[in-house]
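Structure record follows, encoded as structure tokens.
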Amino acid sequence: MAYPFQLGLQDATSPIMEELTNFHDHTLMIVFLISSLVLYIISLMLTTKLTHTSTMDAQEVETIWTILPAAILVLIALPSLRILYMMDEINNPVLTVKTMGHQWYWSYEYTDYEDLCFDSYMIPTNELKPGDLRLLEVDNRVVLPMELPIRMLISSEDVLHSWAVPSLGLKTDAIPGRLNQATVTSNRPGLFYGQCSEICGANHSFMPIVLEMVPLKHFENWSASMV
């Protein structure tokens, strides 16, 4: 999860988030190189007296500044398209969880189980225990098995919401009348926090998401106790 004065991204917990972090670094390096080149050219223009005010055209320069931006765009587009494909591809999920957004809470349904569903509300500040996180704790966590592909079906009962867990690289809009899907795969156990990321009304900031990733055996015991 995020911590005060954090400058970088949250620690990656899923393969998708690892790819997104690498792509961020890749793109940032390209932006840094372009910015350095532009600043260098500007500094030369300001400090040198060797200018060509009478030059009408320069085929070599025009060729370079046409081909170079195109090549840079390709270097950005190819890994981006690859990650977009990975985010949309779901291969043999072991579990499907349906998530519905409401004003202002989330409800979850494990479609592979009978009668395994619950609502998840934020715990008010005056009911928090020592060590709990303000505006992030919920009364019912979403318990999922780690290291396995899980399909999340996401929609809304009323207005636009967005189901987002940054450390897993997840952000999927919850749209009334439409069913969107996302893949969840965690590399390690733990608690992972998110929030509604679409302005949805007065209590928009009071819709936290808590995923509890556990080993498969623990998940089976939990699901058996809930059914």
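Here the Cβ of each residue, glycine as well, is placed from N, Cα and C on the backbone.
Annotated Cu cation A1 binding site per Swiss-Prot: HIS161, CYS196, CYS200, MET207, in sequence order. Every protein chain shown contributes to the tally, and the Cβ of MET207 (Cu cation A1 binding site) ends up with 27 other Cβ atoms within 10 Å.
Annotation comment: Swiss-Prot describes CYS196, GLU198, CYS200, HIS204 as Cu cation A2 binding site. Its Cβ placed at the centre, GLU198 (Cu cation A2 binding site) has 18 other Cβ atoms within 10 Å. Taken residue by residue with DSSP, GLU198 (Cu cation A2 binding site) is part of neither helix nor strand, so it is coil.
Residues or ranges marked as Mg(2+) binding site by Swiss-Prot: GLU198.
Residues 20-21, 24, 133, 136, 166-170, 184-188, 190-193, 213 of the same chain lie 6 or more positions beyond the ends of the topological domain 'Mitochondrial intermembrane' (1-14) yet place their CB under 8 Å from a CB of it. Marked as topological domain 'Mitochondrial intermembrane' by Swiss-Prot: 1-14 (among others).
Annotated topological domain 'Mitochondrial matrix' per Swiss-Prot: 46-59, in sequence order.
Sequence annotations record features per position, and here Swiss-Prot assigns topological domain 'Mitochondrial intermembrane' to 88-227 (among others) based on similarity to another entry.
Taken from Swiss-Prot, the feature transmembrane segment applies to 15-45 (among others).
The transmembrane segment feature in Swiss-Prot is assigned to 60-87 (among others). Among residues of the same chain six or more beyond the transmembrane segment (60-87), those with a C-beta under 8 A of the stretch's C-beta atoms are 15-16, 19-20, 23, 26-27, 30, 34, 169, 182-183.
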Practice prompt. Output the one of HIS161, HIS204 that, of all these binding-site residues, has the highest number of other Cβ atoms within 10 Å of its Cβ.
Written response: HIS161
Discussion item. So if I draw a 10 Å sphere around the Cβ of CYS196 (Cu cation A1 binding site), how many other Cβ atoms end up inside it?
Written reply: 25
Worksheet item: DSSP says what for the topological domain 'Mitochondrial intermembrane' (1-14): how many helix, strand, coil residues?
Response: 0 helix, 0 strand, 14 coil
